[in-house]
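Scroll down for the structure; my scribbles are underneath it.
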Amino acid sequence: MRSLETRLGGGVTALLFVFIFLPLLAVIVNVVFPGLFFGHLEFNNVSIVLEMFHRPLWKQSLLNSLLLGVGTATLGTLIGGALAVMRSQWSFALGRYLDVAAWILLIAPSFLLAQGWVLFAGQGGLAAQSLGWSWVPAMVFQPSGLIVIMALSKFPMAYLTVGAALDWSVSQYGNAARLCGARPFTVWRTVNLPLSAPAYFAGWILVFIDTIGDFGLPAALSTTYRFPTLPYSIYTAIYQSPVRFDMAGVMAFYLVMILGAAMGLLVLAIRKSRFDFLNNRAVRTMPRKPRHAWLLNLSSGLLLLCCLGIPVGTSVAVSFIKRLGEGITLSNLTLSHYVAVLGGGGSDHSLLPLLKGFVHSLTIAGLAALFSMIIGFFIAYVLTFTSFKFKGAIQIFSIVSLAVPGVVLGIGYIFIWNQKWLEPVGLNLYGKPALLVIAAVAGAIPYAVRVQLGSFASLSSSMLRAASVQGASAWVRMGTIVLPMVRQSLLIATLAAFGTSVFDLALASMLQPSNYVLMSLVVDRAFEFSQYGYATAATVLGGGMTVVIIVTLQWLGKALFKRQDERKRKGAASFETDSGINTYKQAVRSNKGYS
């Protein structure tokens, strides 16, 4: 049993090393030895790292990323923390919709939301043309406006983190403060806020990490407003002529260092904090009816309108408009964009077929979801039920991928998998769809592990030990005990990985094989050519079909689980009936023999 656990732990550690850590290591090594991955070994003077502060584009990209990250993290944590307090303390009608919106924003690609904001707030957008709000473009397309837009899409990280910390409470502290005459706000400021400070800090760090590595917003803004950030400058360095791997490597190095410092601060804060205040008197927080429920519903409704209503509603509206500059009028409505999408190309420029790209994206997302679910299952099993000595490394590898931007992972994959010596063994994967699948698996592993760990933690290891004593092997225990108990979380992990992989723009842009069209690239290319109607129609159709697939698979999975449970119940009932009949027959025979 120990040998199997060791092999299983070693296998998942090796996979995580190759999929996640090795590309990051390649990015760092490339700064010192820039020619190592391209056939000529050179030693780069460390001074190239300091050139970040002397080259205008590099310096501006770094400053913009830090400004956007810090500003969004601060505002997003304020929004998410306030909503989490509202949701945990009070029961109101729109509370459940906040939870739904948070998960939608987590899964939805940022570039699609950013495109909706561009179409709403641009010079020729709906706000200026249809509503007459000429002040909107100048207000939105500035650093503070971009921080607000990013905060409206990134606050779910803080909302879910703080909300989880507020799920349980020890009311005696607050009661003691009230007995001393403290007002409700004073109780929250002096008792509740300090006790939940680690959750707020963790939420701030997670929002910062998600923002500074975001590729979608600058990609969507590239046609309207110049705001270079590190991820987008890395992308342009790879796809300019001549290709500047040195430039991309230096900026990727700084991005990795910033993310590493943020993760280090998070781990240090968690270890140093001693706010382990939950004890046997802790009770689940029960929301109560507020005195002014209309105020909570109004504020929640306005937030939902801003974070989802404006970008999604604008994209849907533009998909039915002939010309964006003429506003929303009956004569300006059309279905021609949907006809062009379903016909496989645009009328004004050459676009690869959307349906073909959608099939490619679904295939890659499906394979990534399947493999990440399997790998995540084994990782969760090793972390929960084994004593593998490198469990800490597995935990770190599985979390790091959540923080690493797709462009950094993409450039690392280019360094690793674009090697001539890999050609004889068939592993020169750069320029092939297989590398997109590997990259998508690496990006989906953190979600699969986090979802499954919650279900694994609720399983008692005594069941597995009892089965082991009876002679069941590790594979039998996983298949007959663990798998049936965590099947629902496996389904959720698979669907979550599938949904996040369909519209991945960063990895698709970095690793796209030649003449291989993908859904996200079709939408982005149409937007880049100012074919907004085509881009939004493709987004609506692609997103709608993805949602239908996810809902259908979830329904089929639940139906299959229900059918399996019914079969087990019938089998158990039949076994009990047969046992009863046999017992009765034996009793009759013994009575006859006695008489």
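Backbone N, Cα and C define each Cβ position, glycine as well.
Predicted automatically and left uncurated, TrEMBL annotations should be read as such.
Note that the coordinates shown come from a computational prediction; the quantities given were computed from them, not determined experimentally.
Annotated domain 'ABC transmembrane type-1' per TrEMBL: 62-266 (among others), in sequence order.
Residues annotated as domain 'ABC transmembrane type-1' in TrEMBL: 358-553 (among others).
What TrEMBL records for 12-41 (among others) is transmembrane segment. Below 8 angstroms of C-beta separation, residues 48-49, 245-246, 249-250, 252-253, 256, 375, 378-379, 382, 390, 393-394, 397-398, 400-401, 404, 408-409, 411-413, 415-416, 418-420, 438, 441-442, 445 of the same chain, each at least six residues beyond the ends of the transmembrane segment (12-41), sit close to that stretch.
Here the transmembrane segment (61-85) has Cβ contacts under 8 Å with residues 52, 98, 143-144, 146-148, 150-152, 154-163, 166, 188, 200, 203-205, 207-208, 211-212, 227-233, 251, 254-255, 258, 300, 303 of the same chain, all six or more residues outside its ends. Per TrEMBL, transmembrane segment is recorded for 61-85 (among others).
Sequence-distant contacts of the transmembrane segment (97-120) (same chain, at least 6 residues past either end, Cβ-Cβ under 8 Å): 83, 87, 126-127, 136, 140, 149, 153-157, 159-160, 214-217, 219-221, 223-224, 300, 303-304, 307-308, 310-315, 318, 324, 496, 499-500, 503-505, 520, 523-524, 527, 532, 535-536, 539, 543. Feature annotation from TrEMBL assigns transmembrane segment to 97-120 (among others).
Marked as transmembrane segment by TrEMBL: 251-271 (among others). Residues 24, 27-28, 30-31, 49, 52, 58, 61-62, 65-66, 69, 198, 201-202, 205-206, 208-209, 212-213, 230-231, 233-234, 237, 399-400, 403-405, 407-408, 411-412 of the same chain sit 6 or more residues outside the transmembrane segment (251-271) yet have a Cβ under 8 Å from a Cβ within it.
If you look at the transmembrane segment (292-321), the same-chain residues 6 or more away from its ends with a CB under 8 A from one of its CBs are 79, 83, 86, 90, 92-95, 97-98, 101, 104-105, 112-117, 119-120, 125-126, 152-153, 155, 328, 332-335, 337-338, 532-533, 536-537, 539-540. Feature annotation from TrEMBL assigns transmembrane segment to 292-321 (among others).
Look at TrEMBL and you will find 358-384 (among others) tagged as transmembrane segment.
Taken from TrEMBL, the feature transmembrane segment applies to 396-417 (among others).
When Cβ-Cβ distances below 8 Å are used as the criterion, the transmembrane segment (429-449) is approached by residues 16, 19-20, 23, 360, 364-365, 367-369, 371-373, 375-377, 379-380, 383, 398-399, 401-402, 406, 409-410, 413-414, 417-418, 422, 493-494, 496-497, 500-501, 504, 507-508, 511-514, 516, 518 of the same chain, each at least six residues removed from its ends. The transmembrane segment annotation in TrEMBL covers 429-449 (among others).
What TrEMBL lists as transmembrane segment is 490-512 (among others).
The list of residues near the transmembrane segment (532-561) in space but at least 6 beyond its ends in sequence, with Cβ under 8 angstroms from a Cβ of it, reads 112, 115, 119, 315-316, 318-319, 321-322, 324, 334, 336-338, 340-342, 346, 351, 354, 358, 361-362, 487-488, 491, 494-495, 498-499, 502-503, 519, 522-524, 526. Summarising the annotation, TrEMBL assigns transmembrane segment to 532-561 (among others).
Non-local neighbours of the transmembrane segment (396-417) in the same chain are 13, 16-17, 19-27, 30, 37, 209, 212-215, 231-232, 234-235, 238, 245, 248-249, 252, 255-256, 259, 262-263, 379, 427-430, 435, 438-439, 442-443, 445-447, 449, 504-507, 509-511; each lies 6+ residues outside the stretch with a CB under 8 Å from one of its CB atoms. Away from its own ends, the transmembrane segment (358-384) comes close to residues 5, 8-9, 11-12, 15-16, 391, 394-395, 398, 433, 436-437, 440-441, 443-445, 447-449, 451-453, 456-457, 459, 461, 478, 482-483, 486, 490, 493-495, 497-499, 501-503, 516-520, 542, 545-546, 549 of its chain (Cβ-Cβ under 8 Å, at least six residues beyond either end).
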